[in-house]
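Report on the structure given below.
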Amino acid sequence: MTVIPHLLSPDEMAHADRLTVESGVPILQLMETAGNAVATAVIDQFGWGRPVSVLAGPGNNGGDAFVAARLLRERGCDVEIFAGTTDRYTGAAAASAQAWGSDVRLLRDFRTGPDTLIVDGLFGAGLSRPVDGEFARTVEIANASRAPILAIDIPSGIDGNTGEIRGAAMRAALTVTFFRPKPGHLLLPGRAHCGEIRIADIGISSDVLARIEPTTFANEPALWHARLLAPSDTHHKYDRGHTVVLSGGASHGGAARLSAMAALRGGAGLVTVASPASGLLVNATHLDAIMLKRCDEEGDLRALAEDRRLNAYVLGPGFGVGEKARASAGVILKAGRALVLDADGLTSFQDVQRALFEREGAGPLVLTPHDGEFARLFPDLAGLPSKLDRARLASRRADAIVVLKGGDTVIAAPDGRAAINENGSPALATAGTGDVLTGLIAAQLANGVPAFEAACAAVWIHACAASGFGTGLIAEDLPRLVPRVLATLHQER
Ligand SMILES: NC(=O)C1=CN([C@@H]2O[C@H](COP(=O)(O)OP(=O)(O)OC[C@H]3O[C@@H](n4cnc5c(N)ncnc54)[C@H](O)[C@@H]3O)[C@@H](O)[C@H]2O)[C@@H](O)CC1
Ligand SMILES: [K+]
């Protein structure tokens, strides 16, 4: 059975917790199971040999820390626990602190060295303000010690909703979280602070998800795999759709060619580069399996767009900024064709966003901005601290799928769904890889995949093609790495 890769915000996690308690599971049992998962991870990962310093904060994350400390001591580990003060604990955390039954040292006395293992139970889902004072000092000592840190639920100081560092944040080697990951585990910089992430089952039934109806997902194949067009003996190329990439002039066609090649390798049945007369010769020299069509005037494009077999368009890479791009986008959308708008195509609407957002025609639209392009189209949203909020609000406003790119690309749909990509590769930080992504999205659209799933699949395939590479991988290399990724995906069906 496919497990939908849900992510839960801290509020949704608290809801899951409440529903579980209402169903008859005591909160103390959840905490005991969580603490046990942490103690087990300590021993699995780091063995018995190291002294363990457990740091307990004032809430239930601290409660988990007391349970883990007790269970580690019972299993023969040399454990010390440090806390701000124990007498403020309430509820399950108070019971867990009491069950520890030994000395609690004060955080202000916390010192450590590289041979210790630190268990970070300062703050989890309840972080409500920046970490400061003795907590910030504790984080700094832990990070500077070079001792491995195991974070309970999330590294203290990382915001579970946004992945931001609030004040100061632990740099963990391993994070043990419960039931489902949170957005802050996948969004940067949070992801970089988590180290390896383990998800522990603490006895919360997945049935609660039907009540919570989460709309945030990790961008994993389970989210879109079933929607991909599978290879079939009975298919001919027309069944796989036809992508059209609009090219710039003679010296600006490279980006469109990269996009076109990615569309073909990404599984479109046919790909055409629509080129102005000035670019025809250069494009013809570089293209073989990809067709070439002269397209100078708006009328030429209208004639193309009226052909229903040409079903997914790319506009932007190397196209040039201005009225021609705006008019071309209008023609494609008015004809009801799917459009991926990128680069110059996005910038062309920077002073006339409403012309794009309040468009005629109901063709699916996918916008693929990086942060700079996003700020030009959505200046009032660019400063919001949450990348999920930025992408979601922009998607709703534009009534389009928004692919907000970066090491933690977020894909958002107007209906509120959002996916955070987690297989991003630093190898993609090089010129032209965005053009390849537009082609991959258009290939999925040409295959008839719904726009949100098309964008999610393309983002994942793009990153997977680059995985294992470092500097030196260039955009031209990427399309030919895609068929292997697709083959693996289709084998897994
Ligand atoms: N939701 C669940 O199903 C479960 C949650 N558990 C644990 O409970 C945690 C959440 O517990 P809480 O909601 O108590 O949250 P936390 O343990 O993160 O802490 C909340 C407390 O810290 C204070 N606080 C927040 N930010 C602060 C700051 N910057 N400086 C000083 N004080 C600050 C708050 O006023 C509050 O008293 C999870 O992260 C997880 O570790 C587990 O016990 C198992 C079950
Ligand atoms: K923590």
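Glycine too: its Cβ is placed from the backbone N, Cα and C atoms.
All annotation found in TrEMBL is predicted automatically rather than curated by experts.
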Looking at K(+) binding as recorded in TrEMBL, which candidate out of Asp103, Asp115, Asp120 goes with Asn61, Ser156?
Asp120
Can you pick which of Gly432, Gly434, Gly439 TrEMBL lists for the same AMP site as Lys405, Gly406, Gly407, Asp408, Thr409?
Gly434
Under a three-state reading of DSSP, tell me whether Asp120 (K(+) binding site) is helix, strand or coil.
strand
Return only the integer: C-alpha distance in Å from Asn61 (K(+) binding site) to Asp153 ((6S)-NADPHX binding site).
8
Measuring Cβ to any atom of ligand 1 with a strict under-6 Å cutoff, which of the binding-site residues Asp120, Ser156, Lys405, Gly406 qualify?
none
I'd like the number of other C-beta atoms within 10 A of the C-beta of Gly407 (AMP binding site), please.
16
Taking the center of the Cβ atoms of Asn61, Asp120, Ser156 at the recorded K(+) site, which other residues in this chain have a Cβ no more than 8 Å from that point?
Leu55, Gly57, Gly62, Ala65, Gly121, Leu122, Phe123, Gly124, Ala151, Ile152, Asp153, Ile154, Pro155, Met170
Taking ligand 2 as the reference and 6 angstroms as the Cβ limit (strictly under), which binding-site residues among Asn61, Ser128, Ser156, His370, Thr409 are close?
Asn61, Ser156
